[in-house]
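Structure, as structure tokens:
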């Protein structure tokens, strides 16, 4: 499918735009209803070409990539279509970093839309991409996989890639199309800031591993079953530990640069 820019920007009449906006709002209430904001968002993000290989494994109503496509913010690719920019893919040998920023500006950023439960069914090696890249450790905030490490939706993956490469505004604009988008920034703000300062993949990996090691040391070790400490008996059933860093509670719309300190 071609990247039809004329369809995105040609019609700016109030009546036509209002009709299109109403139709999109009926399809997904999580998308903004303000036509002016919608136009402004599309024009800014369109400076960087975004694309997606869609394998049709996800729930159409919940697919964030398809929603972005309906807004004209990315183009859909077929398996045989090549992509000359950066592609977020498990076959990558290094993490996305600021080293990739120039290629993203020239050729764009792509993502693979598939189900995390069916990764073995996806022919990643058949996807023709010039520069496959991995994403570093991040926590999902989408309603399907909230709180799960690395299981990001298409919009979260694209946004993270853009932010890491210095395109913070574009990354935040993508997330703003979803009511829960700010939660992704809130959960990952510290890491995204650290990743965005890294110049290459090696630095990204070092930041990731250091952060995970630090977080693991903060998690108290599980007390063995029936171990007596003082006058109390502690059991394994008293509380659970899944080995993951604690997640923030998200109550307000946030951006990457907002303060991490909550008012008491």
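Quick reminder: no glycine exception, Cβ is built from N, Cα and C everywhere.
Marked as S-adenosyl-L-methionine binding site by TrEMBL: 64, 112, 135. All protein chains considered, the CB of residue 112 (S-adenosyl-L-methionine binding site) has 23 other CB atoms within 10 Å. A strand conformation is recorded for residue 112 (S-adenosyl-L-methionine binding site) in the three-state DSSP classification.
Taken from TrEMBL, the feature compositional bias 'Basic residues' covers 1-13.
Annotation comment: TrEMBL describes 14-24 as compositional bias 'Polar residues'.
Sequence annotations record features per position, and here TrEMBL assigns compositional bias 'Basic and acidic residues' to 223-237.
Among the features that TrEMBL reports, domain 'RNase L inhibitor RLI-like possible metal-binding' is placed at 49-80.
The domain '16S/18S rRNA aminocarboxypropyltransferase Tsr3 C-terminal' annotation in TrEMBL covers 86-212.
Summarising the annotation, TrEMBL assigns region 'Disordered' to 1-40 (among others).
TrEMBL lists 217-264 (among others) with the feature region 'Disordered'.
Look at the domain '16S/18S rRNA aminocarboxypropyltransferase Tsr3 C-terminal' (86-212): DSSP puts its residues at 66 helix, 18 strand, 43 coil.
Excluding 64, 112, 135, which define the S-adenosyl-L-methionine site, the same chain contributes 65, 88, 111, 113, 152, 153, 154, 155, 156, 157, 158 within 8 Å (Cβ to the Cβ centroid), listed in sequence order.
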